[in-house]
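What TrEMBL says about this one:
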- 6-212: domain 'Cytidylate kinase' (DOMAIN)
- Gly10, Pro11, Ala12, Ala13, Ser14, Gly15, Lys16, Gly17, Thr18: ATP binding site (BINDING)
- 172-191: region 'Disordered' (REGION)
Amino acid sequence: MTVPVITIDGPAASGKGTIAERAANALGFHYLDSGALYRLAALASLEAGIDLSDGPAAEAVARNLKPVFRDSRIWLEGRDVTEAIRTEKVGVAASQVAAIPGVRKALFDLQRNAAQAPGLVADGRDMGTVVFPEAPLKIFMTASAAVRAERRAKQLEARGLKADREALTRDLEERDRRDRERAAAPLKPAEDAKLLDTSDMTIEEVVKKVLDWWQLAR
Ligand code: C5P
């Protein structure tokens, strides 16, 4: 039996993570935050002091990653890195290592293996185009740059971190440009993806839309 998968792709801070997690909870499905894997590869690379444009070195780091996801926390080599991977610095570094084809290859199986019964909601940049092209429901979620910067600022503040809105907007735009323009698995909607602009929608409205689409797609 193939495991049903819903993919949600889109630019940084478009709300994918929140929506994917809530939709997964509502359906009793597993949830894959694929961006966390790229963030883990970036954090480990930064800490190893390697040059982020050194493809083979970054790939070796990604291949050796053994993250543990438990009770909504993420552990790396026995250390809780849940907060450490969420900084903008690590986000920007993640988009640098994510442009390296070998890093993407190294993380591919970890992502495919997340498709376990009874189902999976996966969010990222290439879930619908590369990792789960067979998914019966693919969503490409966007929101205006201003709305995304504000959402990311609130997320950081909720974690007790400082948020500089101007710097955030700049970082998001830089990251999105790199994600869209890279040759390996660029950020773009799958041909059969449903487009959803969430700028003027509440979280509840977006979750309902996803669940309604799922009723029709399954
Ligand atoms: O989703 P999040 O913002 O945490 O992802 C961090 C970075 O990881 C993105 O900017 C992108 O470069 C990369 N990424 C990716 N493919 C994915 C998920 C994330 O390239 N499926």
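Cβ coordinates are placed from backbone N, Cα and C, and glycine is handled just like the others.
Feature map: annotations from TrEMBL on the structure.
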| residue | record | contacts (Cβ under 8 Å, 6+ apart) |
| --- | --- | --- |
| Gly10 | ATP binding site | Lys16, Arg125, Phe140, Met141, Thr142, Leu187 |
| Ala12 | ATP binding site | Gly91, Arg148, Arg152, Leu172, Arg175, Asp176, Asp179 |
| Ser14 | ATP binding site | Met141, Thr142, Ala143, Arg148, Thr198 |
| Thr18 | ATP binding site | Ile203 |
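Proximity to ligand 1 at the level of Cβ atoms, with a cut-off under 6 angstroms, picks out Ala12 from the binding-site residues Gly10, Ala12, Ser14, Lys16, Thr18. For the domain 'Cytidylate kinase' (6-212), the model's pLDDT averages out at 95. DSSP labels the residues of the region 'Disordered' (172-191) in these numbers: 10 helix, 0 strand, 10 coil.
According to its DSSP assignment, Lys16 (ATP binding site) is helical. According to its DSSP assignment, Gly10 (ATP binding site) is coil. If you draw a 10 Å sphere around the CB of Lys16 (ATP binding site), it holds 31 other CB atoms from the protein chains shown. A Cβ within 8 Å of the Cβ centre of Gly10, Pro11, Ala12, Ala13, Ser14, Gly15, Lys16, Gly17, Thr18, the residues given for ATP, is found for these other residues of the same chain: Asp123, Met141, Ala143, Arg148, Arg151.
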